[in-house]
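Copied over from TrEMBL:
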type   : residues : note
DOMAIN : 48-112   : domain 'Glycoside hydrolase family 31 N-terminal'
DOMAIN : 154-502  : domain 'Glycoside hydrolase family 31 TIM barrel'
REGION : 378-400  : region 'Disordered'
DOMAIN : 510-597  : domain 'Glycosyl hydrolase family 31 C-terminal'
Amino acid sequence: IYSLDFSWDPFGVLLRRRATGTVLLNTTVAPLIFTDQFLQIATSLPSRFLYGLGEHRGTLLHSLDWSTLTLWARDVSPTESFNLYGAHPFYLLMEEGGDAHGVFLLNSNAMEVALQPAPGLTWRTIGGVLDFYIFLGPDPNMVIQQYQQVIGFPAMPPLWALGFHLCRWGYGSSNETWQTVRAMRNYQIPQDAQWNDIDYMDGYRDFTFDPQKFASLPSLVEDLHKHGQRYVMILDPGISSTSPHGSYWPFDEGLRRGLFLNTTQGQPLIGQVWPGLTAFADFSNPDTHQWWLENLQRFHAHVPFDGLWIDMNEPSNFMDGSEHGCPPGELDSPPYTPAVLGDSLSAKTVCASAKQKASVHYNLHNLYGLMEARATARSGGSAPSSSPAPPSPARAGIQGTGWATIGASGRTCITPSQVGLLSFSLFGIPLVGADICGFSGSTSEELCTRWMQLGAFYPFARNHNTQNEKAQDPTVFSPAARTAMKNVLLTRYSLLPFLYTLFHRAHLQGDTVARPLFFEFPRDVATLGLDRQFLWGRSLLVTPVLEPGVDSVTGYVPRGVWYDFYTGSSVNSSGEMLKMLAPLEHLNLHVREGAILPTQKPGTTSEATRGNPLHLIVALSSSGTAWGDLFWDDGESLDTFKRGSYSYLVF
């Protein structure tokens with residue numbers, strides 16, 4: 001389906017799609033530069049419709065007007081034009097006529113991608129090799145499936161991971177956390193999991209809990225389990241290095257086994273994170289995985305957690321490099337430094353020259369989050385049989401791992417959260433969502449209500465908040481707002497069979513769960529720039545309100561018949577922008593003709609919902625046909641599909 005031609009002068013390759021003659025790559029447009037620490041290759045592009053190349057804050061459709069996208073994992077509150085937490089060197093391009101292709105550069109070094117209005121694109125990396133994968137689709141869904149055939153398909157989450165999660169930094173105590181859980185139950189608002197941020201720890205040290213303020217944590221977890229709920233806590237890769245010898249096993253044992261990042265002198269590299277001075281676990285060393293597992297088992301014996309939230313794994317460092325800075329040399333001061341925030345590879349992370357088991361950090365930095373996620377996932381497989389493998393959202397990531405975090409509260413953040421959601425779908429990461437109602441800054445009742453409506457349709461739905469700001473869980477708002485939040489969560493829970501089936505398809509073959517409209521309507525050019533609406537699967541259109549003080553929303557309705565999710569009333573669209581009523585208590589949802597959605601009477605946990613009657617929503621097409629499917633297993637065991645322990649029904 002393609003032809004590949006080599007040219008000697010000018011030097012390069014030309015890749016064409018045979019069916020249309022479209023030139024997908026032409027690297028003769030600029031010289032190839034290939035040295036040990038500077039590699040550059042450029043290509044023309046067949047159109048301006050380019051997506052991907054994460055992680056950045058902006059619009060889903062990139063501007064090609066001389067913008068540069070830098071890929072180097074960095075702990076910074078999401079800001080436009082900076083390199084953020086993860087590195088995803090993959091783009092999807094929509095060609096004229098609706099075909100799609102993708103390009104993936106398998107390279108973990110610091111890099112930048114320069115976008116030019118020609119249209120064209122230049123890859124620039126400071127290590128590794130140029131190892132490109134081209135995915136020819138021709139449909140955008142197929143491109144993402146083909147990409148995941150290379151990087152791996154996502155794990156199947158347990159059903160409870162798709163329920164509603166609640167968290168904040170600054171509950172201050174386990175009793176305060178428990179009080180929030182009880183208030184949620186009191187108002188019968190759905191909640192599957194309660195989380196804690198770093199304030200549960202003793203002195204911010206991993207694998208500890210505060211013996212005074214969080215003394216009742218084991219009892220809280222026991223109570224959650226009695227009510228069919230789960231517990232998740234945060235863990236960081238920086239291990240406190242200042243406790244007296246013999247008093248903190250994780251550091252003593254890691255030091256004894258030689259499991260930390262080392263300086264060029266062979267001593268543990270010491271930086272600073274929440275507990276103060278810290279060493280950093282070397283997850284490229286298989287022995288570290290065993291030590292990590294042993295730490296988790298020791299903690300699990302006291303606090304039987306169900307999932308882990310692995311954070312700060314860019315890795316984040318409050319110093320630049322280490323307590324002694326970084327040594328001179330070509331790793332910490334390379335001949336060329338991409339446009340990274342802070343103008344240095346070691347800005348707010350460890351030295352690029354740090355030694356790890358597999359290589360130097362210069363080559364492994366963008367892989368650090370992935371390696372920690374692998375160590376954590378393997379530990380999950382060794383967890384006691386009563387606790388299924390915990391999902392472990394990782395903040396930093398490279399192809400195949402990561403999660404979207406959106407920092408501040410405010411209208412400036414609710415819209416980018418949706419773009420992050422859709423971008424991560426392109427990267428093969430379906431279990432994604434931002435901090436509902438915003439992390440930093442105080443939210444308002446209206447903003448939080450609208451964000452809870454949007455967040456109820458994030459594949460991963462968690463409300464999270466920082467310390468010293470007013471609480472923003474649903475129970476603290478007025479009865480009207482609280483009811484609106486409760487109702488939209490009940491809608492989500494009623495759709496869990498549909499959502500769980502979408503995740504099965506993602507796990508099995510790399511389908512996206514939340515997807516941009518152009519994935520389903522690639523020949524409709526009006527959809528190519530849309531990122532304020534999205535679809536669940538092929539058939540559920542979500543049109544959230546992203547503006548303050550309005551009671552209507554204008555959204556695009558692609559060609560065909562669409563049914564109002566709540567009333568069943570139909571609209572026959574020619575492919576047009578439609579104004580929809582959107583009072584504060586209402587989220588617009590539409591079902592596409594020809595779809596069958598499996599639903600269930602919602603309970604206040606996924607476990608309670610599982611026992612309730614199932615229903616089908618049948619949206620007949622104009623020719624009187626409809627299709628849908630349902631994947632059903634026990635909701636928590638590993639590898640049920642592989643073992644045949646499931647039912648799969650087609651309607």
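The chain as shown is numbered from 1 upward.
Backbone N, Cα and C define each Cβ position, glycine as well.
Unlike curated records, TrEMBL annotations are generated automatically.
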Residue counts (helix, strand, coil, in that order) that DSSP gives for the domain 'Glycosyl hydrolase family 31 C-terminal' (510-597): 7 helix, 38 strand, 43 coil
Taking DSSP H, G, I as helix and E, B as strand, the domain 'Glycoside hydrolase family 31 N-terminal' (48-112) contains 0 helix, 29 strand, 36 coil
Across the domain 'Glycosyl hydrolase family 31 C-terminal' (510-597) the predicted model averages a pLDDT of 98
